[in-house]
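S.K.: Please see the structure below; I have some questions.
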Amino acid sequence: ARGGPVAGLGREAAPRGAPGGAALTPSRCAAAAGPVSPMAAAEPVAARKRRPKGHFAAARAKRPRGSGRQLEAGMRGILITCNMNERKCVGEAYSLLGEYGDLLYGPEQFSDPEERLSGSEKEEDEDDVEAALKKEVDQIRTSTEQKLRRFQSVESGANNVVFIRTRGIEPENLVHHILKDMYATKKKKTRVILRMLPISGTCKAFMEDMKKYTETFFEPWFKAPNKGTFQIVYKARNNSHMSREEVIKELAGIVGSLNPENKVDLNNPQYTVVVEIIKNVCCLSVVRDYVLFRKYNLQEVVKSNKEDAQQNPSTVTEEQNLTVVKPETEEEKSSEVKQENKSEGEIQAESKGNDTLTV
């Protein structure tokens, strides 16, 4: 009947405005349509929860990171290996480097941006757009300089490896001074840090980039008239496209081309070329006393000779073999020759005397 409830739907499904009827709502329509299967009801929820496999990884990759917070080409610093506790390693590194950094370079000083501005700049009229812009640029520059600390930890890109970026110091001199002091005093100052390697330069970890960079990087140590014996130590982490044999061969060729008198010595070299590759960054340094300081291992360098003899008997024999023998002078050689000639003459005389006796 006209104006009555819709047939088959009942009173609740009557159209809006019908006498005695109620307005249609989604819930009432769903109830009127009949029961819905559980699979059909779960389809929108499941579809909403599904995500592609690389969704979260891509989201993490797109997160903006602060500039200079990751190891990249062009940085200098100190590469530190640790034992399963990177956070504590960073704390020990800050403490140790800060102690010896203050001794060698003095306490770290921080400047105030207001003090950096001269009196004339402070008195300039703010309405002058050029002066105001210059003042703002100076303030930004000084604020960024304040953020660049003497030692700053950055993400290395490898597990159990910490990289401390340095500013205003020479990493190789600082690390050598630390190891020299610990070797002399035998005083243990770290618990988590294992090795501490200075990084004097970084470049991209591709053969062409490494060859181009090391041609000038090696000059202070190996270019004529400078010369010395050397060895190359190679280590790669999270990198599979570089060949150890190829890198060592190419770098040794570059060292030889700078001065033909540079010779390889694997027992006791004057210089050790350290090559540390992490992902697509190549870290380089040329260090001294690599064998003496136990491969720059802070845990091994403080051990006494007795402890080394118990744990590594070969190291004691190596140190004995590495003793320096002074060259003999010409006078000593001539005296030895005279003594040899004299002894030969005495032997001949004795032999002649014996011959006469036998006759």
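Each Cβ is built from the backbone N, Cα and C atoms, and glycine gets one as well.
Note that TrEMBL annotation is computational and uncurated.
Among the features that TrEMBL reports, compositional bias 'Low complexity' is placed at 8-23. Residues or ranges marked as compositional bias 'Basic residues' in TrEMBL: 47-66. Annotation comment: TrEMBL describes 310-323 as compositional bias 'Polar residues'. For 332-345, the entry in TrEMBL reads compositional bias 'Basic and acidic residues'. TrEMBL lists 181-288 with the feature domain 'THUMP'. What TrEMBL lists as region 'Disordered' is 1-23, 42-70, 108-127, 305-359.
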S.K.: Mean pLDDT across the domain 'THUMP' (181-288), rounded to an integer, is what?
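M.R.: Over the domain 'THUMP' (181-288), the predicted model scores a mean pLDDT of 96.
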S.K.: Reported in the order helix, strand, coil, what are the DSSP residue counts of the domain 'THUMP' (181-288)?
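M.R.: So the domain 'THUMP' (181-288) is made up of 35 helix, 37 strand, 36 coil.
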